[in-house]
């Protein structure tokens with residue numbers, strides 16, 4: 001729960017610039033109970049985390065954690081967390097043998113979360129260290145075992161050890177280190193770090209460094225330039241000591257060991273002794289601080305030695321060493337400017353130099369600014385001495401400010417923050433990295449929009465490594481906010497090229513990066529972007545807002561009309577999208593469009609979402625295609641549609657190397673598909689469509705010419721087979737490649753294809769086999785033309801009228817003059833009509849649904865719809881013509897019946913398709929109206945001798961239908 005208060009805190013912020021001007025602001029807030037500031041820290045974005053405790057000994061054991069957040073906009077949030085998981089003794093300060101113990105430590109590991117370490121038991125037998133994670137809404141997240149607790153020789157459980165973590169490298173875990181008070185052994189455990197996407201904390205690696213004869217042990221840990229943790233242990237050890245002639249001499253050999261702890265689970269730690277020497281003139285080590293060297297490569301450790309009663313003997317021992325453990329330099333600097341103190345801290349400053357603080361009497365603190373070579377530069381800008389009562393005496397913020405909290409009494413608290421001036425680094429060219437010789441663009445330079453390369457020149461030959469180089473739109477507030485990111489990739493990504501002398505790195509720039517005129521950009525180079533070629537040592541990078549330059553003004557944009565673009569979601573994004581209801585889908589597309597507009601950046605009204613979607617039929621997995629309309633603008637100073645499409649496509653295809661990867665919705669866009677501009681179908685395919693139609697018309701014209709030349713030719717069947725073949729082929733292609741774009745069309749389409757093909761082929765085989773078994777004349781013809789018969793029988797999969805081509809008499813060819821019986825023609829007629837109802841009409845409906853549901857018009861679906869329409873139209877005209885002929889033949893038959901003086905037509909009844917085929921000229925010898933009395937009598941005799949048992953089954957059934 002968050003608590004508001006009744007007691008007033010006066011939060012006073014002093015900002016002292018290097019010009020000694022002072023700006024003061026007071027923020028008032030209330031407290032309901034008497035609390036005391038215990039510790040201060042900050043998050044990467046500069047949000048200050050204040051840990052407050054209950055100083056009352058009577059009710060201090062109440063299991064509540066008190067936090068105050070001071071955001072970068074100077075607003076304040078009070079967070080009071082009920083932490084019943086933590087034993088009560090942790091919440092109280094206890095004094096044992098003159099030593100004050102407080103068992104709770106607080107760390108801002110991840111934005112929006114607070115990590116608290118504590119001891120689970122005061123019993124030295126089973127005491128362990130745990131870490132509990134809460135969010136800013138006071139919600140409990142997890143409780144993780146970290147290590148066994150340290151217990152001194154008197155059996156007193158010690159507070160938790162130190163946690164080392166990097167605020168720059170958020171994907172790297174944290175290191176827990178503790179010194180076992182009874183043995184001097186150092187234990188360490190490396191854990192995963194909670195993140196927004198994964199809040200789990202798990203142990204990856206651990207180790208223990210034994211020490212049986214130590215007198216004093218100090219540790220310091222940091223993340224080196226290669227992205228691995230370096231744990232440094234400094235001891236006064238007597239292991240290699242020669243016999244001491246003066247028993248009162250407290251000088252012992254100094255032993256400094258480094259433990260390299262890889263952050264990758266598949267690597268093993270390694271240790272090196274970097275320094276071993278006797279110290280005769282120094283009395284004690286007060287503090288140990290280790291970090292990356294400001295010289296740009298390698299590491300340094302600073303050991304502060306007090307001078308005992310003689311402050312002039314105080315000094316700082318500087319050890320420079322490589323990651324491999326090789327010692328490269330030893331240097332001693334006097335520190336006689338520091339007041340004698342047993343609590344010394346050395347903090348590296350962001351842009352060079354160090355802040356050394358010395359604390360006296362647990363209340364007063366002095367600050368000293370050192371340059372990059374550890375020489376005294378100046379006193380800090382805060383008052384000297386500065387009065388405070390918090391455990392953490394001061395803290396250096398990421399934005400080069402230092403803060404200190406002073407609580408005057410139970411009602412007034414002062415938070416003091418002051419900017420520390422940037423300290424010059426020897427041989428530096430303004431990049432706060434002496435290893436960098438020059439860059440293009442230069443600092444504060446001007447470049448044209450569309451610049452495709454930038455350059456970094458180093459002083460020594462280098463090799464590319466795994467660190468990133470990032471380009472951001474310049475921002476004073478949160479310079480690394482994802483919305484300002486333009487591009488990011490590692491030195492080994494393939495987008496960086498080394499010059500021939502290996503001193504210059506050429507970096508490729510995406511077209512969407514420098515896309516805004518009159519805009520400042522900042523290039524950030526991570527540590528380990530390159531390594532020194534000779535030693536393999538990682539080189540320090542460039543911090544945010546150091547390498548800054550600006551784009552120039554551009555010519556006015558040319559007006560371009562609005563356009564529709566398509567993009568595809570990833571498989572995971574598609575599953576998420578289709579699981580939403582209609583309202584949620586619309587909200588999804590709206591928010592995605594707003595994120596894209598923010599990234600480009602343009603006003604959100606110029607990206608209008610279209611709420612229709614389709615599946616991508618070419619994808620192996622289910623992937624959804626969405627569309628946006630990009631609205632044109634008449635303002636020549638705004639981006640035109642073409643530039644928006646170009647930039648947006650660049651962002652999408654480089655999704656994992658730009659801001660899209662860090663947004664809630666845009667990270668679900670598929671980079672492989674890119675951005676597809678909706679093209680005008682007729683502009684692209686008009687010629688193909690015309691050619692298609694002309695081809696069909698030409699074939700129809702050839703059929704007409706053949707019919708005129710050879711009246712016995714059955715060109716209608718040939719033309720029907722031709723358009724049926726095209727329709728079937730295109731529909732199969734449509735089914736396989738395109739029908740998956742709309743949910744449910746593919747199974748329906750494939751069912752129609754398979755069932756219709758099976759029916760047609762089965763009927764065709766049945767008819768051919770029946771002709772072979774029942775007709776001697778057909779068997780004779782088949783023996784001569786069996787190959788073409790087999791071919792067109794197989795082609796009946798496409799259209800049952802393929803077998804009718806065998807009897808079409810085209811060109812007077814004998815191989816196309818099969819003597820089919822009328823009953824075979826009858827079968828073909830009815831099967832063709834059935835296929836029309838069960839395939840062509842459903843096929844037409846499927847194609848209409850497809851065109852209504854999809855986002856773009858493709859050639860094959862359009863041609864399939866066109867040819868299906870032609871097939872239906874042709875069948876409608878053809879069947880109507882047959883119906884008209886049928887009616888005429890029936891009337892003619894009735895007239896003949898009357899003219900033949902009630903002749904028994906029982907043996908001469910004409911079935912419906914027989915009449916149709918006679919009218920269409922399908923018989924080999926069509927009957928003339930009048931042949932003479934002889935022929936008529938002969939025919940009557942033949943008809944009268946026909947038996948009713950010889951009528952085909954199909955004719956009987958058709959008679960019933962008639």
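Sequential numbering from 1, following the chain as shown.
Placement of Cβ uses the backbone N, Cα and C atoms for every residue, glycine included.
The signal peptide feature in TrEMBL is assigned to 1-24.
Here TrEMBL flags 685-705 (among others) as transmembrane segment.
Residues annotated as transmembrane segment in TrEMBL: 717-738 (among others).
Sequence-remote contacts of a segment are chain residues at least 6 beyond its ends whose Cβ falls under 8 Å from one of its Cβ atoms, and for the transmembrane segment (787-807) they are 714, 717-718, 720-721, 724-725, 728-729, 757, 760-761, 763-765, 767-768, 815-820, 825, 828, 831-832, 835, 922. The transmembrane segment annotation in TrEMBL covers 787-807 (among others).
The list of residues near the transmembrane segment (827-850) in space but at least 6 beyond its ends in sequence, with Cβ under 8 angstroms from a Cβ of it, reads 720, 727, 731, 734, 738-739, 741-742, 745, 748-749, 752, 755-756, 759-760, 763, 767, 799-801, 803-804, 861, 864-865, 868-869, 871-872, 875, 879, 913, 916-917, 954. Per TrEMBL, transmembrane segment is recorded for 827-850 (among others).
Sequence-distant contacts of the transmembrane segment (857-878) (same chain, six or more residues past either end, CB-CB distance under 8 Å): 681, 685, 688-689, 692-693, 696, 716, 719-720, 723-724, 726-727, 730-731, 733-734, 737-738, 836, 840-841, 843-844, 847-848, 850-851. Here TrEMBL flags 857-878 (among others) as transmembrane segment.
Under the heading region 'Disordered', TrEMBL lists 918-962.
Annotation comment: TrEMBL describes 928-943 (among others) as compositional bias 'Basic and acidic residues'.
As annotated by TrEMBL, compositional bias 'Basic and acidic residues' applies to 950-962 (among others).
Cβ atoms under 8 Å from those of the transmembrane segment (685-705) belong to residues 715-716, 718-719, 722-723, 726, 859, 862-863, 866-867, 870 of the same chain, restricted to positions at least 6 beyond its ends.
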